[in-house]
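Asker: What TrEMBL shows for this protein is this:
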DOMAIN    28-493  domain 'Major facilitator superfamily (MFS) profile'
TRANSMEM  25-41  transmembrane segment
TRANSMEM  84-104  transmembrane segment
TRANSMEM  116-133  transmembrane segment
TRANSMEM  139-161  transmembrane segment
TRANSMEM  173-195  transmembrane segment
TRANSMEM  207-226  transmembrane segment
TRANSMEM  316-334  transmembrane segment
TRANSMEM  340-361  transmembrane segment
TRANSMEM  368-390  transmembrane segment
TRANSMEM  402-424  transmembrane segment
TRANSMEM  436-459  transmembrane segment
TRANSMEM  471-489  transmembrane segment
Amino acid sequence: MPGGVVGLVATADTGRIEAPVTLKAYLMCAFAAFGGILFGYDSGYISGVLGMDYIITLYTGLNPNDPRFAKNGSDPNGFALPSWQKSLIVSILSAGTFFGALMAGDIADFTGRRTTIILGCLVFIIGVCLQTGSHSYGLLVAGRLVAGFGIGFVSAIIILYMSEIAPKKVRGAIVSGYQFCITIGILLASCVDYGTQNYTTTASYRIPIGIQMLWAIILATGLFLLPESPRYFVKRGKIDRAADVLGRLRGQPRDSEFVQTELAEIVANHEYELQIIPQGSYFTSWANCFKGSLFVQKSNLRRTILGTSLQMMQQWTGINFIFYFGTTFFQQLGTISNPFLINLVTALVNVCSTPISFYTIERFGRRTLLVWGALGMVICEFIVAIAGTVDGGNPTTVKAEIAFICIYIFFFASTWGPGAWVVIGEIYPLPIRSRGVALSAASNWLWNCIIAVITPYMVDTDKGNLGAKVFFVWGGLCVACFVYSYFLIPETKGLSLEQVDRMMEETTPRTSAKWVPHSTFAAEMGLTDKGTLAPEIVADVERKGSVV
């Protein structure tokens, strides 16, 4: 093999397995976070569109002045879509993303992480075209379903891609950038909705929907210029190509000691995992995600359940109640003159709060943020629920509710928003990483869909009519998030993905923050007298990868 890759330079020094971070390398990794705008914008624009006069008139067939609006809607002014229509329009996207995320894991293993994301952008654009051209309720729903498949591809694999290419010292901050882009997408959507809310033509909803194509084009174009994940090439047995792309990502020549040492650790870790759980047929590779005991920290089953349940918990916080149904919920409060403006304010709080995590997630760690973030959300949500229940008709009380909703968003955006995505990108070993992250993202979208379906029936005045009492539900679920993160979330900050793998074998979640790397996989798997990784290990990884 050309380039000297067979004799990979390796080390037993745990502090020398990665190159120093350069600005170019940082920016290359950070650009991938742009994919969050697709997710955020699509989540954000629908709240405003559902509250627009034109869209309600179009889909109900009623004139805004028709008294029958009072029977159909949940707005105190009698002007809203019926619950079943809101539920289906919002939830159908999540249904598409659920299946898209499940498919994405397989596609990413066979065609590459980068290629899968680009494919997701193309599918998303098709879905947006259908929505933009819709004159009827049915075509809008169909378009959101197709767009959902594309977002499923992007949301699952962008986290995988970023986790695999980012340097360990800034991996948490870079993956947090994905959540930051989600918040920017939500804010942009709120701004566009606010600007088109009073249009009396199809432009009122077509402009917010159609703009989404721009974000997908930017992401797909940029990814054409970025390298593939080196860990994908290792998994496929293409060690030579892995050395090339790792050199680009680290801003080093491919034959530099930094690149050779990091690649040796990736190769050795992959060989170690294959020895524990050998690869087999397609169905065997999926079954590997569920092997082992639930009560063994290092087992694949435990990691899969950890990733999927963490994403479930992120949805249980109730954050998407605000961003999916915020406009219509604020309309129901009855004392707010412009609910679109309040929705814009909540989106702005979301954006301004998320960058805090860039520092805190590396300074204090993933586990700490999730524990204290859940506690902060519990307090805020119960305050909103109690105030709204006791004195919900008082305009001053409503202002206090909105203030604590904004504080609640602050806690989510700076902790659980980025933290849940960071952790799922770190906890899986390479042989099952793509499918593990895909399952985790699919779990997020499954619960996203469930919440989108049931929420209108919980809060609309002609259904459950919970109003502010719904925050008792979200607050109770955040109590579960607090307990869950304290007992089950390990600390992964400052570790390479391979070191995270070892940490989860040797420690428990509550003691994980004290764990310190003590050896490298390259040293344990076999070093030659010349300080290189044993050639037979490289050859074995290449052989196994070629038959995946």
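The backbone N, Cα and C atoms fix where each Cβ goes, glycine too.
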Asker: Excluding the flanking five residues on each side, which residues at least 6 beyond the ends of the transmembrane segment (402-424) place their CB within less than 8 Å of a CB in that stretch?
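Answerer: Distant Cβ neighbours of the transmembrane segment (402-424) are 159, 163, 171-172, 175-176, 178-180, 182-183, 307, 310-311, 313-314, 317, 319, 322, 330, 342, 345-346, 349-351, 353-354, 356-357, 360-361, 366, 369-370, 372-374, 376-377, 380-381, 383-384, 387, 436-437, 440-441, 444, 481, 489, 492.
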Asker: Looking only at the recorded stretches 25-41, 84-104, 173-195, 368-390, 471-489, which one has the largest tally of CB-CB distances under 8 Å to the transmembrane segment (340-361)?
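Answerer: Top-ranked stretch among 25-41, 84-104, 173-195, 368-390, 471-489: 173-195.
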Asker: In the same chain, which residue numbers or ranges, 6 or more beyond the ends of the transmembrane segment (173-195), come under 8 angstroms Cβ to Cβ?
Answerer: 26, 29-30, 32-45, 47-49, 52, 158-159, 162-163, 166, 207-208, 211, 215, 323, 327, 340-341, 343-344, 347-348, 350-351, 353-355, 357-359, 361-362, 413, 417-419, 421-422, 425
Asker: Need a quick answer: max count of Cβ pairs under 8 Å to the transmembrane segment (436-459), which of 84-104, 368-390, 471-489 is it?
Answerer: 84-104
Asker: Under an 8 Å Cβ to Cβ limit, what residues of the same chain, 6 or more beyond the ends of the transmembrane segment (368-390), are close to it?
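Answerer: For the transmembrane segment (368-390), the sequence-distant neighbours (Cβ-Cβ under 8 Å, at least 6 residues beyond its ends) are 317-318, 357, 360-361, 397-398, 400-401, 404-405, 407-408, 410-412, 414-416, 419-420, 423, 467-472, 474-475, 478-479, 481-482, 485-486, 489, 491, 513.
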Asker: If you count every Cβ pair below 8 Å, which range out of 25-41, 116-133, 139-161, 471-489 shares the most with the transmembrane segment (84-104)?
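Answerer: Highest pair count goes to 139-161.
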Asker: Restricting to CB pairs under 8 Å, which listed stretch, 116-133, 139-161, 207-226, is in contact most with the transmembrane segment (25-41)?
Answerer: 207-226
Asker: Residues of the same chain, at least six outside the transmembrane segment (139-161), with any C-beta under 8 angstroms of its C-beta?
Answerer: 32-33, 35-36, 38-39, 42, 88-89, 92-105, 107-108, 113-114, 116-117, 119-133, 175, 178, 212, 216, 219, 229, 421, 424-425, 433-434, 437-438, 440-442, 444-445
Asker: Go through the chain and flag residues at least 6 beyond the ends of the transmembrane segment (207-226) whose CB is under 8 A from any CB in it; none is fine as an answer.
Answerer: 28, 31-32, 34-35, 37-38, 41-42, 45, 48-49, 114, 117-118, 121-122, 124-125, 128-129, 131-132, 147, 150, 154, 185, 188-189, 192-193, 196, 199
